[in-house]
There are 2 protein chains.
Amino acid sequence: MYNVAAHMTAAMRVMSSLTLTLFFSIICCSLTEKLSNASSPNIIIMLMDDMGWGDLGVLGQPSKETPYLDAMAAQGMLFPNFYTANPLCSPSRAALLTGRLPVRNGFYTTNGHARNAYTPQEIVGGISKDEILLPQIMKKKGYVSKIVGKWHLGHRPQYLPLKNGFDEWFGAPDCHFGPYNSSIRPNIPVYNNSEMLGRYYEEFKIDRKTGESNLTQMYLLEGVDFIRRQTEAQRPFFLYWAPDATHAPVYASKPFLGQSQRGRYGDAVMELDYSVGHILLWLKRLGIENDTFVFFTSDNGAALTSGPNEAGSNGPFLCGKETTFEGGMREPAIAWWPGHIKAGTVNFQLASVMDLFPTSLALAGLSPPDDRALDGLDLTPVLLNHPHKQGNRPIFYYRGNELMAVRIGQYKAHYWTWSNSLEEFNKGINFCPGEEVPGVTTHDQKEHTLQPILFHLGRDPGEKFPISVSSHEYQKVLSRISPVVEQHKSTLVPGVPQLNMCDVAVMNWAPAGCEKLGKCLNVPKSQPWKCDWPH
Amino acid sequence: MYNVAAHMTAAMRVMSSLTLTLFFSIICCSLTEKLSNASSPNIIIMLMDDMGWGDLGVLGQPSKETPYLDAMAAQGMLFPNFYTANPLCSPSRAALLTGRLPVRNGFYTTNGHARNAYTPQEIVGGISKDEILLPQIMKKKGYVSKIVGKWHLGHRPQYLPLKNGFDEWFGAPDCHFGPYNSSIRPNIPVYNNSEMLGRYYEEFKIDRKTGESNLTQMYLLEGVDFIRRQTEAQRPFFLYWAPDATHAPVYASKPFLGQSQRGRYGDAVMELDYSVGHILLWLKRLGIENDTFVFFTSDNGAALTSGPNEAGSNGPFLCGKETTFEGGMREPAIAWWPGHIKAGTVNFQLASVMDLFPTSLALAGLSPPDDRALDGLDLTPVLLNHPHKQGNRPIFYYRGNELMAVRIGQYKAHYWTWSNSLEEFNKGINFCPGEEVPGVTTHDQKEHTLQPILFHLGRDPGEKFPISVSSHEYQKVLSRISPVVEQHKSTLVPGVPQLNMCDVAVMNWAPAGCEKLGKCLNVPKSQPWKCDWPH
């Protein structure tokens, strides 16, 4: 409890100085001399949790409640064709930090065909020691790295952030969706660096009834505090800011609760929007906005099955989280770097969360590892306005171990379709509520490899009108896509799957630091089993 | 043919002066002295045809191809909660010009229950002589009025624009979707004021194969020419600019064809966007931008059944044209009036196309007629930033003679649901492609008056998650909505239905002016029948 209080006091100090600042006022004084290390700009990746493409005002949310993100887009570059690497949190995050598809970096399962897998606390695996994470390479140029928020690449000691390149961490290894009472399964711990500070629903409250929690405030303060410290020390930094307020159970702090037209989910979005705005304001206040590259995106599409109260919007796109339709994998994405990225641009480049790996390295003046296949592309030519440099790159839509679909240009070919099983669907788990495209949103795993279902995403972003197989267009396009897919498949070497085994003994019973807090729980006997991934 | 050529020459003159202007450059010289008649600003209503809420970049179209409309919103006021009065063209347009629901102004049918009706060329009826149209009242303050584009309030002589308050007209009385060959039914005439100039697919080409047509160019030139003439004459004007390029068969002129990521529909949107930008530029060029109120909207939701090639997008909303779901009736809407409307504002006021009637009158310093029920509200307090003046007004969703649904605040109650008949649906006419909300997108006319289906449009803009009937929220909200509906129904006096009778003899066989052109066709014998309205 002492640690939490000390931490919160530090945070409160930042807070009160924050409240002294008038938002969007012009601030001319900088706390430290401006870093003009153009070859090593600071890098901030803001990764939201289950936030959908359609949750931003600038992307058509009817409530238009994201003024700071909309301003960020107006000052930066918007990517309407930006994709995650997987429609689920853990693999998506592993892909971001490795620049590689989950099927390469091991964040998938072979327990079932085309199943989404992640890192619940009974998972045995985590990020493989053979993978190289972004902050590990950034170190070579003196970058100090911090993750704030959700990790989700494994919670056993060897998998935690400080063992994988990060210098600092404030957040949790797993999701906050439960358990809520440590009696049967341990509540998820919240870490400060390599030791736990407390647990969700204990020291770190989320009121399940009202949705009230100060976690986003804490993540904001932790981020700002880190930025200030590195700026004062004149060290280049990498901040991976990963709040999770928009993942069910969604939460917001008191000033935001009840403010949104959209209910509690909207409250959470408003607080995140405000926090993004606050971080950008601090960059300006510190005089480092021209030396800091900021990228905002989300880990996967909105979790429509939690709708309407705890789900976001995927705008005009089909289905949501867990699926390889556009709603599951197309993400809001904004790049911001005043003085470098032209304000108010919209870039239609097909881009991926995996691109943030080589792009960040390129910005830092570093080379990506040359001993492994990388799926990300360096976006700096696009960001710095050398168009068409990465013109014809494909987007691969994986679900677990299966390549479900491919996008090239405006065309998307589905090789497999599946929303979820009829059995699950009949229990009320619906990844496509109110949507049903015959032969597309199938409830059995349907193979189309001999005759893929083809959509033109320009004319038909909602994947509602398959292109006729007998058309000239279909034949022509497929002859362009097929060799790309064949090439990809024939050269792909899958990594060792890390998400196959589960065990109650590996749960967060006694995380490092629990002794000091008197919060260690008894570890049960090991009883490993093959994890069950229902969808 | 001579008339057409003369007309086109005048148009070309405007065109070449247009091309001299650099778009978005700052223009300081004005052709005439600036009108500073603040009490009688010019009024321009731009009404699109079948354009959907989601077709604008600022409202989330992924292709972001509407830079001029997005700029208009950034310089003006965006209304995300703006509605038409009917999900079909003719009644929507009649409502705009009368400020009254179609069920009052007669633009509905009693031939069937809850059927959409409009004015095909076999219709006998049109706008009733008992209705008072906006330009008729505007005359009292010296306004000169012109309609450019589609009229659709009846094509028989007594129903045409110059008989109903307009001083000028360039356009067609009916839709351009056929016939294509005058041999069996006459092709639709295009009028210049009170005489025909030619016919669609004859003098006024629309290439059905390529989609090429210069009509939007003509409508742009006609609009600009009118604005210039009135400005030079220092007369206040009302321009009702109603192009129809986004109605199937969609068309665009050569410079726009093939430019959009969205295919031909997107080409049409790009040309309309460009044209809107051009008109606003002309207002600036003429120095009358502070004296001209401009409102942009659409007549109904995107016609999804024409998708994907000839349909727009309704963004996150359910279904489209012909339905009383949000996709059928929520419209893109932007008000623009530099120096009066605060730039870059978003106003969540529930508003309606019928509001343009009393709003235009209020701006002109005129009173609406006091001898009849008006459904529109004066939006000037909202436009001029006196918020909450029109707080709790309901939105009524009619289909023909039936009140299908009501919105109050964020809540919408459906009293009847229907997309279209199963018989029609099985023929491939689908108003909700890829969407199916059980019990909501019904294929029979389903009555819910005893237990309306309730949605919260803030949490659930897509109408996917009905609020549980047993919830406290349901009971509470319904007790608020029910008296409003009862009051509306008990006091509503339906007008005489104008859209019941059809007759081949009334078609555009021999419109005024056909003699001079040698384009009169033989009028067949009158054989009236009750029009059949299938949905």
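Every residue gets a Cβ built from N, Cα and C, even glycine.
Pulled from TrEMBL, these are the features on record:
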- B:Cys89: active site, nucleophile (ACT_SITE)
- B:His152: active site (ACT_SITE)
- B:Asp49, B:Asp50, B:Cys89, B:Asp299, B:Asn300: Ca(2+) binding site (BINDING)
- B:41-365: domain 'Sulfatase N-terminal' (DOMAIN)
- B:Asn214: N-linked glycosylation site (CARBOHYD)
- B:Cys89: 3-oxoalanine (Cys) (MOD_RES)
- B:1-32: signal peptide (SIGNAL)
Inset, instruction - Write out, in the order they occur in the sequence, the residues of the chain not among B:Asp49, B:Asp50, B:Cys89, B:Asp299, B:Asn300 that have a C-beta within 8 Å of the mean position of the C-beta atoms of the recorded Ca(2+) site. - result: B:Met48, B:Met51, B:Leu88, B:Ser92, B:Asp244, B:His247, B:Ser298, B:Ala303, B:Lys321
Inset, instruction - Sort the recorded positions B:Cys89, B:His152, B:Asn214 by C-alpha distance from B:Asn300 (Ca(2+) binding site) and give me just the closest. - result: B:Cys89
Inset, instruction - State the Cα to Cα distance, in Å, between the residue listed as 'active site, nucleophile' and B:Asp49 (Ca(2+) binding site), rounded to an integer. - result: 7
Inset, instruction - Looking only at C-alpha atoms, tell me how far B:Asp49 (Ca(2+) binding site) is from the residue listed as 'active site', rounded to the nearest Å. - result: 11
Legend entry - Alpha-carbon distance [B:His152 (active site); B:Asp299 (Ca(2+) binding site)] in Å: 11
Inset, instruction - Report the mean pLDDT of the predicted model across the domain 'Sulfatase N-terminal' (B:41-365), rounded to a whole number. - result: 97
Inset, instruction - Could you tally the C-beta atoms, other than its own, that fall within 10 angstroms of the C-beta of B:Asp49 (Ca(2+) binding site)? - result: 27
Legend entry - C-alpha spacing of the residue listed as 'active site' relative to B:Asn214 (N-linked glycosylation site), in angstrom: 20
Legend entry - B:His152 (active site) to B:Asp50 (Ca(2+) binding site) - Cα separation in whole Å: 14
Inset, instruction - Measuring CB to CB from B:Asp50 (Ca(2+) binding site), give everything in the same chain under 8 Å that is also at least six residues away in sequence. - result: B:Cys89, B:Thr246, B:His247, B:Ala248, B:Ser298, B:Asp299, B:Asn300, B:Gly301, B:Ala302, B:Ala303, B:Ala311, B:Gly312, B:Lys321
